[in-house]
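> Below are the features listed in TrEMBL for this protein:
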type: TRANSMEM; residues: C:21-41; note: transmembrane segment
type: TRANSMEM; residues: C:74-94; note: transmembrane segment
type: TRANSMEM; residues: C:106-125; note: transmembrane segment
type: TRANSMEM; residues: C:131-151; note: transmembrane segment
type: TRANSMEM; residues: C:163-184; note: transmembrane segment
type: TRANSMEM; residues: C:211-231; note: transmembrane segment
type: TRANSMEM; residues: C:252-279; note: transmembrane segment
type: TRANSMEM; residues: C:291-312; note: transmembrane segment
type: TRANSMEM; residues: C:324-341; note: transmembrane segment
Amino acid sequence: MKTLVWATATLFAVTSSALAQDTRTVTDDLGNVVEIPVTPQRIVVSRSDCLATPLIELGAPLIGAGSMQDDRFNNGKPFIRGATALYGTQFDADLVDIGFINQPDPEIIAALEPDLILIAAWAADNYDQLSAIAPTYAAACFDPPLKEWLATLADLVGMTAEHDRLMASYTFKLANTRAVFADRIGDPADVSVVFADPFDEGIYVADDYGTFTVVADDLGLSRITATDLGMLTDNGNLSFELVEELDADFIFSSHQSFFGQPPSHQMEVWRSNVPGFDDLLHAPRNNQLVIVDRSLVRAFAVDGLNTMLAVLTSQIAERDFVPLAE
Amino acid sequence: MNATRTICAATGFWLCLGGVVLAFLWHVSVGAKAIPLGTVWQAITAPQDGVFDHVVVRDLRMPRAIFALSVGAALSVAGALMQGVTRNPLAEPGILGLMAGATFAVIIGIGWFGLAGTAYVPLFAAIGALIGAVLVWTIASAAPGGATPLTLILSGAAVGGFLYAVESAAILLNEDTFRNFRVWLSGSLAGRDMATYLWALPWFIGGLIAALLIAHQITALAMGEETAAGLGVDTFKIKVAALGAVVVLTAAAVSVAGPLGFVGLVIPHLVRLFVGSDYRLIVPFSAIVGAGYVTLVDIAARVVLAPIEISTGIVTTMLGAPMFIWLVRVKL
Amino acid sequence: MSTTTLIGFGGRLALRVPYRAALVSLGLTFAIIGVLTWSLMTGSYPLDSTQVWATLFGNSPSDTASTVVWEFRFPRTLVALLVGAFLALSGAALQYVTRNPLADPSLVGVSQGAALVVVSVTILAPGMGSYLRPILAFGGSLAVAALILLASSSRRGGDTLRFILMGIGVAALISSFTSALLTYGDIDRAMSALGWLAGSVHSVGWDEVRWLSVTAFFVIPAFMAAARPLSAIRFGEDVATGLGIRVRMARWGLIILAVALAATAVAAVGALGFVGLVAPHLARRLAHSGVGMHLVLTGLTGALLVGLADFAGRAAFAPIQIPAGLVTAIIGVPVFVALILRTQARSQL
């Protein structure tokens, strides 16, 4: 019996090594040296936003991903933050829910027999378990600039060519849009924009907020940042007393209906915390406050960049607006 | 009370009230935005439409200062009553489970039933506070040895820890719920709406009046149950009345500001240092000093890291917990 | 493993204990073996019982099956059992020493110390890697416990009442710093730290089993040696002094052992609340006995509780993993309330 088992095991080992693809060695963001397949065929990821969504866009062989759940979205079924809102992606037999993004179920991952596992560097306490299943790469995926991270990820899964093709679409549209801006506005730096989300505790303003930051900077718009406002961290909220410092040609806020923040609620938060808000700042006064879907702002995908580009173009360059007097 | 003491107390009271008015004025004069004092004064005396500085003073700072005053007064009086009735120097709505119960109930009310800004918020908070208090008391008196200060405090910590675990379980699977609740859970005066405050206002007033009415009997009760009974006090009735007042005051405070820890502990002790053990003085002085204290703490919370504001509750705990530690070292 | 050590001591002490207690401890041991077996058999990875047995005896149907059973289920269950026993014993010791039935390591600063250090590092220095968390948590809880010990001893001599109250005060102070970090730190990192703190039995491996066993090997005998002074302390300081026991030394020794056990447990899996509170009471309800036997029962009960909590947390809503700490808190406290109320009702009859 034992001999038979060994024979089978050896046979299996031989066949699988014959099938095994080439590997290469990389160092992840925690300093682990990982040997990963050059073109992985079965990928499992923990984070849905910065890992699963871009891989789905690339068409990578993603077979399992971490989920989130909320009664108000996707009929209460588990969803992939980003991809479900952007592409309507659902979990099914080909894309398995492996549990909550910060604490996935290792047994489900093992059952999927992945050849590459990607996790977030700040939620990597199960690294040892996961690397017993397959090569595991821990990525600090929120730290690098968005475009840089998308390129790194595509390289990790051996899909740089696909990534370049997607980025080419964005680069092409960007060049076109610049022409539109040049025609309508002249110097895009004359247009000031700010991204600010109102919460009851204060106004969330970031230095770097997803696709909005990338596209606004690529277009050369003047962007008001948290640093400009003298905020110590990205995570504090700006006091409503300083709302006038957000005076810009355009203010962008975001709504996330399934977290109880539909667009009307966000406007309500602005108005209830800043009496006379509609007349106070230039943007709301002139109908130049735009509320976009937060899934779009936080989308880790070239598709998100393209859509944001279209939003900024139609809101700023393809219509008349009242410029803020100097 | 003899005449000299009455005069002393009255003078002290008016001085403290003056201090609170100054604290209030300071609160509305400083903030993330630098506004000249003249403009502040103008905003108070002769507000003009469309001047944002006036909006900041009148609509952003003044409501918040009023919230701070009310919450400070309510929590301090609640703490004073609890210390008197239980004869436990460490009693306080936060330590004995009322605040945890109220907070939990408010989260349920707002999160499940969408009651934000309605008349039901203080009601929910009161039910929660009452359940918290009863639970803590039952556990403590069921323990061998009965409801000693230590047992009460431990059972308060257990009930608080339990409710916190339930809250964590509810928010752990959803990052955005966590974002929405983490500031509220730490106790904050920022962005509280006027509607909730107006609904809580009758509760504040009712609780304070009740506290003043029973202050005399609390003094007797604080000297011991036999002494109180000897003085003709119906101890059971007074205890129930005190519990009612404490629950109402805690509920009002929590529905406006979330859990502000240790305010009810610090202020009555501070007050007792100056006015002695007569609750007819301790109650009004606690109210007035507590109002001033939370107003000052809120000033610090708003300006220390400006333009970012930190939670008032975090600051009251950072200041109050050392006081608790000091009390334990000195009084026990 | 600690289980066997306990039984060894239990056997020796069993000479003095009623028949019932010995029977109950035997029953608990079987229940623990049952939970262990059940945990080994159950999980999201499809394996039937014959496959699990085959894997355990070295004839694994596949490498993956071997990984799942040997690297995931086995160490995880063992750690849950060990940690449960540690926390239960720690709670029992604190309750005896303070002569207060409500003392628990999670209420007096041990967990909060670990929390502060882990949260600060996760939020302020995220590059450090989460495998350092156990060491940091251990350091944090020991440092805070030392601070509390230092603060509660005074010219008038150490007082255990003051130790508990000081613990609560210091715990509140430390929690306010933690909550400042959680409130204003990066949201994803805060979430990850919170998840770990809520009792993360899910990420343990054989390393944790190894050092928990070593700790058990050294600390639990010392603990059992303290059973004698414990039984004297239970009757009050005067009685104990009368019996010739150096009460102060015994007390502080036990507090230090209790803190060491709790700190080790917290370092392994984060904060599992209320096990130390519930297990001693549950054990007492199961069988009346002397201190030694009660400690054995407490350890076994604690192991069983956390073993079940972890099992329920990972199996009930799979693939969603409910941290064991939340399960112990949410189930433990109502159980505790029921227990203490029934005890009172009986004593009133």
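Quick reminder: no glycine exception, Cβ is built from N, Cα and C everywhere.
Just so you know, TrEMBL annotations never went through curation; they're auto-generated.
Give me the lay of the land around each of these features.
Counting same-chain residues at least six beyond the ends of the transmembrane segment (C:74-94), those with a Cβ under 8 angstroms from any Cβ of the stretch are 1-3, 6, 32, 35-36, 39-40, 103-105, 108, 164, 201-202, 204-206, 208-209, 212-213, 215-216, 220, 223, 226, 230, 254-255, 257-259, 261-262, 264-265, 268-269, 272, 275-277, 279-280, 283, 294-295, 298-307, 309-311, 324.
Outside the transmembrane segment (C:106-125) by six or more residues, the chain places 94, 132-133, 136-145, 147-148, 163-164, 167-168, 170-171, 174-175, 177-178, 181-182, 185-186, 189-190, 192-193, 196-197, 259, 262-263, 266-267, 270-274, 276-277 with a CB less than 8 A from a CB of the stretch.
Remote same-chain partners of the transmembrane segment (C:252-279), defined as residues 6 or more beyond its termini with a Cβ less than 8 Å from a stretch Cβ, comprise 79-80, 82-84, 86-94, 96-97, 102-107, 110-111, 114-115, 118, 134-135, 137-138, 141-142, 145, 149, 158, 160, 163, 196-201, 204, 208, 211-212, 215, 219, 222-223, 226, 229-230, 298-299, 301-302, 305-306, 309, 323-325, 328-329, 332-333, 335-336, 339.
For the transmembrane segment (C:324-341), same-chain residues at least 6 beyond its ends with a Cβ under 8 Å from one of its own Cβ atoms are 80, 101, 197-201, 269-275, 277-278, 281-282, 285, 305-306, 309-310, 312-313.
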> Does the transmembrane segment (C:163-184) reach the transmembrane segment (C:291-312), going by 3 or more CB pairs under 8 Å (6 or more apart in sequence)?
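The transmembrane segment (C:291-312) and the transmembrane segment (C:163-184): touching, no.
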> Hey, which bits of the same chain come close to the transmembrane segment (C:21-41), Cβ under 8 Å, at least six residues off its ends?
3, 7, 10, 14, 47, 49, 52, 56, 69, 73-74, 76-78, 80-81, 286-289, 293-294, 296-297, 300-301, 303-304, 307-308, 310-311
